[in-house]
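Participant: My structure is below; once you've seen it, I'll send some questions.
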Amino acid sequence: MIKMILFRKFRVLILMVFLVACTMHIMIDLLPKLEKRAAGAESGDGGCQCAHHPGGEAQGWGKQRTRSAAEASWPNKHTLRILQDFSNEPSSNLTSHSLEKNTAAGDGAESLRRAGLLAGKVGGHKPLIGDASGGRTVPAHGVSRLSALFEHPLYNIHLPSLTDEDTLFNVNTDIRFYTRTTDNQGWHNEEGNEEEEEFSPTGEVTAESYPNWLRFHIGINRYELYSRHSPALEALLRDLVAQRITSVAMKSGGTQLKLILTFQNYGQALFKPMKQTREQETPPDFFYFSDFERHNAEIAAFHLDRILDFRRVPPVAGRLVNMTREIRDMTRDKKLWRTFFISPANNVCFYGECSYYCSTEHAVCGKPDQIEGSLAAFLPDLNLAKRKTWRNPWRRSYHKRKKAEWEVDQDYCDEVKQTPPYDRGTRLLDVMDMTIFDFMMGNMDRHHYETFEKFGNDTFPIHMDNGRGFGKHSHDELSILVPLSQCCRVRKSTHLRLQLLAKEEYKLSSLMEESLLRDKLSPILIQPHLQALDRRLRLVLQVLAGCIEKEGYVNVVEEDLVGDTVTRRSPGLR
């Protein structure tokens, strides 16, 4: 009898524990909705992205992000995400989220091919919070030096006529993309639905029918990532700042934290959060491989590359991100989500996972949950446009005591000239352009570079991963210029533009300052960094002048201009 009573009490106890557990689960599910309603009641706008006190949301961190009805009606996100990638390694398309593995990417690419989209083979510092436009200045007398520069004949040189072999993608014009509403975009075949003819009464296919990130991808060719006056570029830069973030994942690989952000229009960007203020210089005792990456360096590198007319850096824009609503609440990556915490200063912080600088000691913290960062547009996915990774011939040793061969052998360039792909074509001249670009930024971390495989060896290197530039303004790292002084080779078009940018009316520092004012996080560079650009430009021209004096103009400056058209003829070996 006593055993029966004890058994019944035990069953009642188990039932009560079960009911309590169920109640707690229901409360946890309801908390996010209650928090959103409370936030909406306080601010008057439930969708506000304004800064708020992080402590009030600490108890809601266990919530799961729910999809709205509009999101649920979208096409599968992988059907468009597959078109993009931003990496330094062919395998780095993976993220820490299982949904972003290459298997899914491969399936998405195949589905797009079946759909007919691609035809043929696809080969000083400002406060973190506030008005981003505050403090901006208009160029003297209302004259835009940047506009005058881009109107100069040297910036209006024509490219050779493009064939199918010169463009990265051959687009099937029977496929159209209509932005019917901001919440519902999709691919449509003109034979699939007769009711959609009202959107294109002329029956013509225009570039405006594609999202801006796709227009950027389609515009890539053998000679450039984007054209000088591309309307898609400016629109894409606006998208990087304004598009709603719908998904966040960590990028695998690398020594420092990087996030992959997916937008409402299925575009993607690589996010590098702010680690240092603009005034902080790299300590003189730091090795080049142990410095933090700078978000403002990525932004400035894009603008510098454009002013130098290389156009080899993927579009980059600065953005002020709400770490709570746009990162923590948007990620399904538990590894990332678990690293969020509230600092003793009551700021939201997180550190993610990476090889070296991902710990509480190196956490990224907001003020209180707003954080600056750079967003670099993804390049086309490797499943659609393969890229080849090349070891930089003038790569550093990445060792505290050892030196690289080029640092001790003055005739090193002669060996490089006899080694493919530098023994023919324009690759050596491309590396000289990259050397000048890196010296202007003070970037010593160019260990590899990439090219699009479809174009073989006759194409440009992509200037990616520039976060370790603009670390020092009081020191010029002359060792970066060693390739130029050893080889004594430069394109005529590059040489003429460098001479133009040394003139007072086209002063490089003034052009950079004006160009960077367009970014939402302006000012991007403090004055000492801008002044360093002018100083380093003079040093580059001095090195070239020394080469010309020693070897003669025709042996140093490679003719690549025929009238108003640039050529890519193979230079003779000298």
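Along the chain as shown, the residues are counted starting at 1.
Yeah, the Cβs are placed from backbone N, Cα and C, and that goes for glycine too.
The feature active site is assigned by TrEMBL to Asp445. Positions annotated as ATP binding site by TrEMBL: Gln256, Lys272, Glu293, Ala376, Ala377, Phe378, Leu379, Glu450, Asp465. Per TrEMBL, domain 'FAM20 C-terminal' is recorded for 340-556. Per TrEMBL, region 'Disordered' is recorded for 42-73, 183-204. What TrEMBL records for 12-31 is transmembrane segment.
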Participant: Could you state the whole-number distance in Å separating the C-alpha atoms of Ala377 (ATP binding site) and the residue listed as 'active site'?
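Facilitator: Cα-Cα distance, Ala377 (ATP binding site) to the residue listed as 'active site': 21 Å.
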Participant: Please give the ATP site's span as the largest CA-CA distance among Gln256, Lys272, Glu293, Ala376, Ala377, Phe378, Leu379, Glu450, Asp465, to the nearest whole angstrom.
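Facilitator: Farthest-apart Cα atoms in Gln256, Lys272, Glu293, Ala376, Ala377, Phe378, Leu379, Glu450, Asp465 are separated by 20 Å.
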Participant: What binding-site residues among Gln256, Leu379, Asp465 are found with a C-alpha within 10 angstroms of that of the residue listed as 'active site'?
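Facilitator: Passing the 10 Å Cα cut: Asp465.
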Participant: When neighbour density is defined as the number of other C-beta atoms within 10 angstroms of a residue's C-beta, which of the recorded positions Glu293, Asp445, Asp465 has the lowest density?
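Facilitator: Output over recorded positions Glu293, Asp445, Asp465: least Cβ neighbours within 10 Å is Asp445.
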Participant: Quick one: mean pLDDT on the domain 'FAM20 C-terminal' (340-556)?
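Facilitator: 95, rounded to a whole number.
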